[in-house]
Structure formats: C-alpha cells, structure tokens
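Feature annotations, reproduced from TrEMBL:
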TRANSMEM  17-35  transmembrane segment
TRANSMEM  65-88  transmembrane segment
TRANSMEM  100-122  transmembrane segment
TRANSMEM  142-160  transmembrane segment
TRANSMEM  172-195  transmembrane segment
TRANSMEM  201-221  transmembrane segment
TRANSMEM  242-269  transmembrane segment
TRANSMEM  289-311  transmembrane segment
TRANSMEM  323-343  transmembrane segment
TRANSMEM  355-374  transmembrane segment
TRANSMEM  395-416  transmembrane segment
TRANSMEM  422-443  transmembrane segment
Amino acid sequence: MMDKKRVGAVTDLTQGVIWKQLVLFALPFLFSNLLQQFYSTADAAIVGQSVGAGALAAIGSCDKLVYLLINLFVGVSTGASIAVSQAFGRKDEAGLFRTVHSAITLGLLSGAFLTVVGITLAPKLLVLMNTPDNVLPMAIDYIQIYFLGMIPVMVYNMGSGILRAMGNSKSALVYLAVSGIINVGLDLLFVRGFAWGVRGAAAATAISQVLPAILVFLKLTKLEDAYRLRVRKLRFYRKETAYIVKIGVPAGLRMVLINISNVIVQSRINAFGMEAMAGCTLFFKIEGYLYAMISALSLALTSFAGQNIGAADYIRAKKGKQICMWIASGVTIVLCVLLFFWAEPVCGIFTTDETSIAFGALQLRYQLPLYIVFSWNEIINGSVLSSGHSLVPMIVSLVGMCVARVGFIFVVSEFFYDIRVIYLAFPFSWIVTHIGISVYYYCGRWIQGKRFAEAVKDQERALAGQQSL
C-alpha cells in the first residue's frame, strides 16, 4: 500500500513543508536541465570552433524543426506524467499500473513513427524554411542522423516523466550525467578526431540517447510490485490511454504551435544571412540556461500539484504555484541583468565570428528585459496542466505565442524591415499570452468547475489563521 511519505524510489508530495519539498524536488530537474544545456553548449562550441559558423547555423536551423516534429509526442509524455501523478495522489495502484504500461507502449510506438517521419520529411521542411544553400546540405545530414535516435528519446521521456510524477527527480539526473559524458566524448572523437563535421555531432547525440533510455526502463521494472513495469503487460489500456491522450495531445499541440511560430520566425531570420542565423543559435543556447531553471520549477510544480489534486488538497496545490512564482521571479531578474551587461563575452564562448556575436548579443538585449513574463507563463501553465486541463492553455498559446508573434512580425515588418522587429516579437507574444493564461487561471474554475471553486473556499476557511508553510 502507498501510505508512507516515501515509497521505495518515489516520494509522496501530498505531505510535508511545501517550499522545502518544491525546492528539493526541483533541484535534480535543474541540474538535469543544466547538464543537458551544458552538453548542448559543448556540442555547439565543438562544432562552431572546429567546423565554423556555417555548421553552427545548420544545427541551429535544425533545432527548431526537431522541436516542431517531436513536441506533440513530448506533450503526450506530459499527459502520462500528469495521469500518473494524479493516480499516485489518489493511491490508486491498479490505475497506476495501467497508466504506466500504456505510457511506455505509447513511447515505443511514437519513437518509431518519429524516426520514419523525421528522416523522410525533414529535408523538405528545411527547404521550406528558406535554409540558405550553403547551409542546407549540412542541415539535412545533421537532422536525418539525429532522428535515428527517436525511439530511445521517447522511451526516456515517457519513463522519466513517470518517475517524476511519482516524486523521483533524482534518477533522471544520474542518467543524463552519464549520457552527457558519452555525448561530449563522442563529439570530440567524431567532430575533432575523425573530422566528420555535423554528421559526427548528430551521431554523437543519437548514440548518447540509448543508455538513459535503457536505464530508465530498468528503473521502472524495479518499482514496488503493485505498479512496476512488466514487459509482457505492455499494451494500451483503454481508459488510461484515453486520459493520457486527452491531456497530452493539447499539451503537445501547444508546444507544436509555439514551434511552428518559431520555425516561421527562423525562416525570417534566415533571410538576414548566415551570421544572423548563427547569432540566433547563440541566443537560444544561452537562453536555454535560463529556461532550464524555469522548466525545473514548472516540472516540479506539475508533479507536486498533480499529486495534491489527486488527493483533493487544492489549497496545497495553489500554494505550491505561488511559491514557484516568487522563486522564478527572483532567479530570472538576477540572471537577466547579468546577461544583459555581459552579452558579448558570453556569446564569444561559442564562436570567434564577431558579426555572429553581435547578432546574438543584440537579441539578448532586446528579449531579456521581459523574460520574467515568460517565466510567469510557464509556472501558471504548469499549475493548470497538473489538473488535467490542457485545451485552454493550447488555445491561449495559439493566440499569444503563434498568432500574435507571427502577426507582429508580418505587420511591423511592412513598415520597418529590421531584424530587431523579429526580436521584439517574442516579448510581445509573452505579454499577450500572460494576459490570456492569467485570466483563465484566476477565474478559479480550471480544475473541477464549481466543485473546485467551492472546495477551495471550504479549505481556505478551514485553514484560516493556521501557519501553512
């Protein structure tokens, strides 16, 4: 029975001091995200310094397309994580067992599907993105090799999401550390040693994904007997699969829509030349460190709130969101100020090309002042997703992150044909999105309609005057 604060390799987040649980739970996510970003940085630095700005631009152009193609299925893994966290919070062992096995089955099949689709469609999509002729061959080589690793990527995403939902955020950190060391080592061997260029970088990334997928799969087979993974039981359980898809598809479509807008934005940046493309790549490599921290808080909150919503402790879930907002605000302000004033030296880590550095620094200075709004959006979105409601966040993202962003570029560019217009489109879209998601959140009806609103009021009255943190 799941009646203890700690259950084997997992943790009950429905008990304990809220801020301490969130911080301790988020730290492994943070370190995992930072490790991923560090390895991505090392990948870019090795390629940029060894092969040149053209190779760096090729990888940057592929990044947007990769995220576009895989994020629908990454969203499904988010749906699985939320379904698991709610079942865990309810102490529903049978439902938890069926959800775990449905999720891993989805991971295997979606990985195989992405491998085929990515290899066959990606080259055509790169052409549609206006990828320059001097970059296109390298970009095609990179992305086709990269997609060979999709099955382990999806199994890892599903498996780590399941562990995260059960309160285990440490295992993924260990697996990523091992994977990252392999990735950097293979980068040095393939790119510098064998001079394989972007092909070597893609091969290093694809190969390094295999080990964490195996490790997370084995970890799931060693959970408590009532819900541990059994290979012979892998199948789609109708009710649980439907719930995962119900949450996951809108969550995935939200990320797809954001990345569609990013692909359109990337195509506009591509028109300014190779150095502008490389500068954009520099920006997103650096911004990735900021996002790593925001993402860690959002992931921790999603699992924390999901378990507490499953346990019907809505006030505890709400307080978790408030704490995450304060932490995200403080961290974002400090880091954005530092990066604003030291943009050029940081960009210079990746390349020696002065024009590319200038573009990257310019983008940092135009977007960082309002990055705090983006961090708020991610925290609020994580809180809403934890309830299993993902449709409205998808619609808000469609309007704010896609329509508003792309519309801003096309309208304003008619009057000012300047790359700074593209840079300003991001903060504009964050503000529009924040208005939409905040209105939805503060209406107080995003978990269970009137029942939720009434439950919150009852719990607030019961807890009035008590020390809750």
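Using N, Cα and C of the backbone, Cβ positions are placed for all residues, glycine too.
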Contacting positions for the transmembrane segment (17-35) when only residues 6+ beyond its ends and CB under 8 Å are counted: 11, 164, 167, 169-170, 172-173, 176-177, 180, 289, 291-293, 295-297, 299-301, 303-304, 316, 319-320, 323-324, 327, 468-469
Folded-back contacts onto the transmembrane segment (323-343), same chain, C-beta under 8 angstroms, at least six residues removed: 18-19, 22-23, 286, 289-290, 293-294, 297-298, 300-301, 360-361, 364-365, 368-369, 371-372, 375-376, 378-380, 382-383, 469
Cβ pairs under 8 Å between the transmembrane segment (289-311) and the transmembrane segment (65-88), at least three: yes
Contacting positions for the transmembrane segment (100-122) when only residues 6+ beyond its ends and CB under 8 Å are counted: 62, 65-66, 69-70, 73, 76-77, 80, 83-84, 140, 143-144, 146-148, 150-155, 157-159, 161-162, 217, 220, 227, 229-230, 233-237, 240-241, 244
Recorded stretch that, among 65-88, 142-160, 172-195, 201-221, 395-416, has the most CB pairs under 8 Å to the transmembrane segment (242-269): 65-88
Long-range environment of the transmembrane segment (395-416) - Cβ separation under 8 angstroms, sequence gap at least 6: 254, 257-258, 260-261, 264-265, 268, 422, 424-426, 428-430, 432-437, 440
Cβ contacts under 8 Å made by the transmembrane segment (172-195) with residues that lie 6+ beyond its boundaries: 28-29, 31-32, 35-36, 38-39, 42-43, 46-47, 50-51, 156, 160, 163-164, 201, 203-205, 207-209, 211-212, 215-216
For the transmembrane segment (65-88), distant same-chain residues with Cβ under 8 A (at least six beyond the ends): 2, 10, 12, 95-96, 99-100, 102-103, 106-107, 110-111, 113-114, 117-118, 121-122, 125-126, 129, 143, 146-147, 150, 153-154, 157-158, 161-162, 164-167, 240, 243-256, 258-260, 262-263, 302-303, 306-307, 309-310, 385-386, 388, 390
